[in-house]
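Please read the structure below before turning to the comments.
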Amino acid sequence: MSWDQVWIDINIATMDANIGEPYGAITQAAMAVKDGKIAWLGPRSELPEFDVLATPVYRGKGNWVTPGLIDAHTHLVFAGSRANEFELRLKGASYEEIARAGGGIISTVKACREADEAELFELGRQRLNALAKEGVTTVEIKSGYGLDIETELKLLRVARELGKHHHVDIKTTFLGAHAIPSEYKDAANSTERSDAYVDLVVNEMLPAVMAENLADAVDVFCEGIAFNLAQTKRVFTAAKQAGLDIKLHAEQLSNIGGSQLAAQMGALSVDHIEYLDEAGVKALSESGTCAVLLPGAFYFLRETKLPPIDLLRQYKVPMVVASDYNPGSSPICSSLLMLNMACTLFRLTPEEALAGMTVNAAKALGIGDNVGHLAVGMQADFCLWNISSAAELAYSYGVDRLIDVVKTGKLVHQ
């Protein structure tokens, strides 16, 4: 056999359901890589003969290998700070009250409009490095802090540029319908003005995004303080006509039926979903839409309404765990902490949490045929951890357990 590298003396949490073991585990295992893909994996005793002198061999010393982690929901490119709003919330102001008073997303919009691409790139690079140090190999980055054509394009350009200069793969999402900008707010004609902004998103922003090939998907914030069902459907229809995947912020603060609409239109995921009901869960199950859990926002906003975890299990909806890294509701740049929070706050099992940041996260980004679990033919994105069981990744936080990271067959962290 001719391989580019071989890993021995490892235990592998493949996260491959076909293995039939918790975590898709193969103990006392080995794995071979060729041309950036996994060429062989299985018990060490069954490893075929290969040219030891011509092949780099890495010894895992009995440690665990997992797929590279995938953060499927971030707002990583932004400028400014909202620490003052943190203080206001601790004094009793709600997220909705701050947003309606012109804070929240709108304050970050102002900072992003004023920042240039170089500043945004450097801020994004620092945050991406922080995630990469925790074993993240793929990240989704949304726009949504521009709310005008120029700034939305600027944010997406920076996200694309980060992907060109970093080993972490970047999937970009156009979130022009994140909030209604101040220039379109009119209390006397709120629906009419927000409809006019949706016109801008659909007729001008999206074509400009497509002209520069800046987005892989389109997202909308469907809530009482943002966009209604009819407006969401308009954006989704335009996105699908443009050939883009769709996903939705839904049921975070209330339930207006966004998840059912997203499911009907074939969305990859619905995200937040604290107020999701059984009808919505059933719709997700029938459409194969993923449920993205964002424990960082739940924690930071001190929410009390839990996502319907038992219903999601009952209907076998793929559960994803993501950081939602953003300046207002989840300024926590740690994917590993999200694994712990998903277990402690939402009562996921450690296996469910890890699946939520690997195999299910890949599904939520539409890349499950290439990454997210370890099997022959899959891209060789994986991490070696100094742990005695895969459950330790969700159990304990704060100690650096990452030993190695391999990205597309190349050792990028050692």
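Backbone N, Cα and C define each Cβ position, glycine as well.
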Same-site N-formimidoyl-L-glutamate binder from Tyr23, Tyr58, Tyr145, given that Swiss-Prot records Asn326, Gly328: Tyr145
Per Swiss-Prot, member of His249, His373 binding Zn(2+) alongside His73, His75, Asp324: His249
Same-site residue for 4-imidazolone-5-propanoate (record: Swiss-Prot; known: Arg82, Tyr145, His178, Gln252; options: Ser2, Ser323, Ser329, Ser334): Ser329
Binding-site residues clustered about His249 (Zn(2+) binding site) [Cα within 10 Å; pool: Arg82, Tyr145, His178, Asn326, Gly328, Ser329]: His178
Least surrounded among the binding-site residues, given as His73, His75, His249, when other CB atoms within 10 Å are counted: His75
All-chain count of other Cβ atoms within 10 Å of Ser329 (4-imidazolone-5-propanoate binding site): 25
Length of the line joining the Cα atoms of His178 (4-imidazolone-5-propanoate binding site) and His73 (Zn(2+) binding site), in Å: 14
Rounded Cα-Cα span from His75 (Zn(2+) binding site) to Asn326 (N-formimidoyl-L-glutamate binding site), Å: 5
